[in-house]
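Take a look at the structure set out below.
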Amino acid sequence: VPLKIESLAGLGVIKVECGSQFSVALTRSGSVYTWGKGDYHRLGHGSDDHIRRPRKVAALQGKKIISIATGSLHCVACSDQGEVFTWGDNDEGQLGDGTTNAIQKPRLVVALQGKKITRVACGSAHTLAWSTDKPLSSSRVPTKVPMEYDLLRDFSPSLLRNRLVLLHHASDLLCPIVSMLPLNGEVSLNSLRSILVYTTKEATFRKVVQSTMVRDRQHGPVVELNRIQVKRSRSKGGSGLAGPDGMKSVFGQMVSKKSFLTQESLFLPHRVWKVKFVGESVDDCGGGYSESIAEMCDELQNGSLPLLIPTPNGRDDTGTNRDCFLLNPHANSFMHMNMFRFLGMLMGIAIRTGSPLSLNLAEPVWKQLAGMQLTLADLTEIDRDYIPGLLCIRDMGADDKELNTLDMPFSIPSSAGIDVPLSSCYRRITHANKHEYIRLALNYRLHEFDEQVQAVREGMAKVVPVPLLSLFSGYELETMVCGSPDIPLNLLKSVATYKGVDITSPLVQWFWEVMEEFSNQERSLFLRFVWGRTRLPRTIADFRGRDFVLQILDKYNPPDHFLPESYTCFFLLKMPRYSCKAILREKLKYAIHFCKSIDTDEYARVAMPGSTHTSTNSDSDGLESFASEDIASL
């Protein structure tokens, strides 16, 4: 039962920290009190005696301490003058004095003098100290909702702040008991996905993973891989499958050897296997293992394997997700399913070891891997013309002879572009069966990848607790597996050309400064807006002669009232001649957040709300009714 510590009553305690069997309290006046187990000098009183009641640390008398932290057996304190004091165990050099000798009483860390430290923190056997240029304000609630959070613009910042506090509190209460909740139902893992705060649910997930970690081995089994045979096995020109079903690829070789990967090795925190490359002088101390992972990621996306296919948008070079891949719905043999399971194991290994994979899968794939169902919007993300085509068939009237004239088969192209019959009862689309055709066509595309997704999840389940992935969105799962995509601006600058403006112009300088200020997520949104992709190619050669073109136009008057235009087919951004950097940032930021859907690669001219020039999206007209009429029966 919690008991009040009477000796601390009235002292104005503002912070309490706990180490291994001892506690530290900081008062409003800047005094520090410690009590508990005293060996290793963790209490700072100059002896190893155990203290059963809080005692003021005399060595800090006259110092106003503003921040304290505890490790397992050591402490750190920071004064209002920016001084840092440490004491306790020092076997890992955590006290910062350059030795590994324990310190009995708080001692000034000389190396940090003059650094104006304002905050300190500790791990089990390490210490952190940092300074802030500006003092924390009494209220960090913004004065207005940032532009990119358009759906929240009608709510006051204080209301949103209170809502965030509530969500954090709910997350703290629910995350410790998620293992007791069912997968589906009114209160289930799926229903909590959008409610729980990402950092809290990820910490819960990591805690489960850490509890199953095997730490008494440096690496798993030694695996021989032959990279030399890969090039020989691919067809002339270095393209095509690496042997039958890609089994001579590095990925295929690993699939054939995955029986060597025991449960213990899959639970290792670092190298799940050790690599010996045949015919290569590689002593794998970690580099060979990482190289094998990178090689397999390349093979998955360069045509060496039949598991992944470009999105329909990528094949047609139109719409979004052009640079992304989907699971191949026609790779459904026993061998293919085995390969998909190994792909899932690789994803699980990436999550467990914290070593991201370089995979560029479309977001709908990640959604399904997280246990979410696809929607009509997801289909449009990967195949821009699919829904409009079905809308066109739906809207053909009974007296319209065009449907009969077209004589369309009762089949649908898969995401791989292969015609798939939808029914054995019908051979052609007619007015009588067109709604049945639309229903079956939607059902096929919404569940096209189910078999492959299930195999990947089975592989992931061998490494990480897959049921808990239902807590995460597709984007969050992608971040856990692949990390945050890095958009190197130097690479983009190296392929940039300019029209209507000189490279030394302030406008060009403002543009690149704004791009530097963007987060990686915003840079990804920019690429999607201007090129229909979310990541840059890895090298200049991979651009294949395609330049990024920045063109400045003088036809807009006044220029500050207009947004940029993008021609995704030509990797072209057209901008008005903005008057200042702030306006450029505002217009570009608005464009990348709210002008993502482009129906044609003609003018993407849009303006801020209230202008006579607005963006349109003809594909969206009737989509809601289309969904309600034709998908409700699925």
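Glycine residues also receive a Cβ, built from the backbone N, Cα and C atoms like all the rest.
TrEMBL lists Cys569 with the feature active site, glycyl thioester intermediate.
Look at TrEMBL and you will find 274-601 tagged as domain 'HECT'.
Look at TrEMBL and you will find 30-81 (among others) tagged as repeat 'RCC1'.
The repeat 'RCC1' (82-133): residue composition by secondary structure is 3 helix, 19 strand, 30 coil, according to DSSP. Per TrEMBL, the feature repeat 'RCC1' maps to 82-133 (among others).
The DSSP breakdown of the repeat 'RCC1' (30-81) into helical (H, G, I), extended (E, B) and coil residues amounts to 6 helix, 23 strand, 23 coil. Cβ contacts within 10 Å of Cys569 (active site, glycyl thioester intermediate), excluding its own Cβ and spanning all protein chains shown: 14. Taken residue by residue with DSSP, Cys569 (active site, glycyl thioester intermediate) is part of a helix.
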